[in-house]
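Q: Sharing the feature lines straight out of TrEMBL:
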- 39-335: domain 'Major facilitator superfamily (MFS) profile' (DOMAIN)
- 42-64: transmembrane segment (TRANSMEM)
- 76-96: transmembrane segment (TRANSMEM)
- 108-125: transmembrane segment (TRANSMEM)
- 137-157: transmembrane segment (TRANSMEM)
- 178-195: transmembrane segment (TRANSMEM)
- 215-233: transmembrane segment (TRANSMEM)
- 268-286: transmembrane segment (TRANSMEM)
- 306-330: transmembrane segment (TRANSMEM)
Amino acid sequence: MASLGVDSEQEPLLGDRTPGSREWDIIETEEHYKSRWRSIRILYLTMFLSSVGFSIVIMSIWPYLQKIDQTADASFLGWVIASYSLGQMVASPIFGLWSNYRPRKEPLIVSIFISVAANCLYAYVHVPASHNKYYMLAARGLVGFGAGNVAVIRSYIAGATSLQERTSSMANTSACQALGFILGPVFQTCFALIGEKGVTWDVIKLQINMYTAPVLLGAFLGILNIILILTILREHRVDDSGRQCKNINFEEASTDEVQVPQENIDQVAVVATNILFFVILFIFRFETIVTPLTMDMYAWTREQAVLYDGIILAALGVEAVIIFMGIKLLSKKFT
């Protein structure tokens with residue numbers, strides 16, 4: 001994933017050559033440049049893991065729901081799927097507001113920890129004697145709440161890149177998100193080989209099967225992500241030319257930072273972009289009904305549905321990555 005933005009990351013940013021000057025006006029040090037791109041790449045990984053958290057179980061939710069609670073029907077499946085989006089909708093403005101006044105490490109770490117805990121809860125929804133479907137509903141809602149950090153990730157990357165780097169970096173961010181949608185079903189497809197029975201760790205009442213193994217992997221990757229954020233991520237903000245700026249999120253003040261005046265926001269562009277993003281996600285959510293649809297239409301078993309639908313969704317993800325990379329190349333050519 002880090003190689004996606006190599007072209008825009010090769011050299012530190014330099015100022016324009018002034019008339020009669022023999023030297024470049026360096027506006028970013030090598031140390032700051034490397035730290036900035038390390039932090040951005042960590043957030044590429046965070047975006048990837050956030051989308052994996054959605055797609056890694058999307059093909060197995062319906063068969064798992066049927067297995068743990070016989071009272072669950074297709075209508076309740078709709079609520080389980082919607083709980084992720086509802087959780088994300090509630091969390092996004094909260095984490096966004098939090099990141100405006102505090103270091104962005106804080107909402108990122110808290111959100112990922114919530115996702116880790118929710119994945120562990122999902123692995124144990126079979127344990128209660130009754131109302132198992134409601135535990136699954138809560139688990140998916142909390143995973144979605146943790147995924148509310150997507151807004152923080154995008155705002156950080158937009159603020160930590162110059163105008164020259166921004167389009168490429170945002171395309172890389174979207175590509176990492178799409179890659180997560182690809183590999184999530186791929187992971188699920190691989191874990192389908194474990195089967196429904198799997199193995200049971202009686203001491204802690206943990207079942208490791210094709211339904212729980214993906215979320216346990218997600219929990220492990222989330223813990224790894226928290227460690228990387230704590231050790232590598234630093235607060236960075238640059239202006240359009242790449243000059244380091246001073247803002248409320250900085251952990252350390254610097255005398256050579258500049259305060260950039262706030263410009264008027266194009267409200268029409270913001271609203272239009274949000275509507276477009278809503279339409280894209282609205283269309284994407286239709287894929288959540290693939291599993292019950294194929295089980296009804298083709299009489300697939302639960303294991304067959306998880307395997308074949310995972311392959312189908314992975315193929316769609318490959319197509320999405322190709323489109324994002326095409327947008328990245330076209331933006332360089334025509335802008």
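Heads up, residue numbers simply count up from 1 along the chain you see.
Note that Cβ sites are derived from N, Cα and C of the backbone, with glycine treated the same way.
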Q: Where else in the chain does the transmembrane segment (137-157) make close Cβ contacts, counting only residues six or more beyond its ends and a cut-off under 8 Å?
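A: For the transmembrane segment (137-157), the nonlocal Cβ contacts are 39-40, 43, 46-47, 50, 53-54, 61, 76, 79-81, 83-96, 99, 104, 107-108, 111-119, 121-122, 125, 169-170, 173, 177.
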Q: So if I exclude everything within five residues of the ends of the transmembrane segment (178-195), which remaining residues of that chain have a CB under 8 angstroms from its CBs? That is, six or more out.
A: 1, 47-60, 208-210, 213-214, 217, 303, 306-307, 309-314, 316-318, 320-321, 324
Q: Pairs of Cβ atoms less than 8 Å apart decide it: which stretch in 76-96, 268-286, 306-330 has the most with the transmembrane segment (42-64)?
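A: Top-ranked stretch among 76-96, 268-286, 306-330: 306-330.
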Q: Would the transmembrane segment (215-233) count as touching the transmembrane segment (268-286), if touching means at least three Cβ pairs under 8 Å and pairs must be 6 or more apart in sequence?
A: no
Q: Where else in the chain does the transmembrane segment (108-125) make close Cβ contacts, counting only residues six or more beyond its ends and a cut-off under 8 Å?
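A: Contacts with the transmembrane segment (108-125): 46, 49-50, 53, 57, 68, 91, 95, 132, 135-136, 138-143, 145-149, 152-153, 205-207, 212, 215-216, 218-219, 222-223, 225-226, 229-230, 233.
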Q: Which residues, given as numbers and ranges, are at least 6 beyond the ends of the transmembrane segment (268-286) yet have a Cβ under 8 Å from it?
A: 81, 85
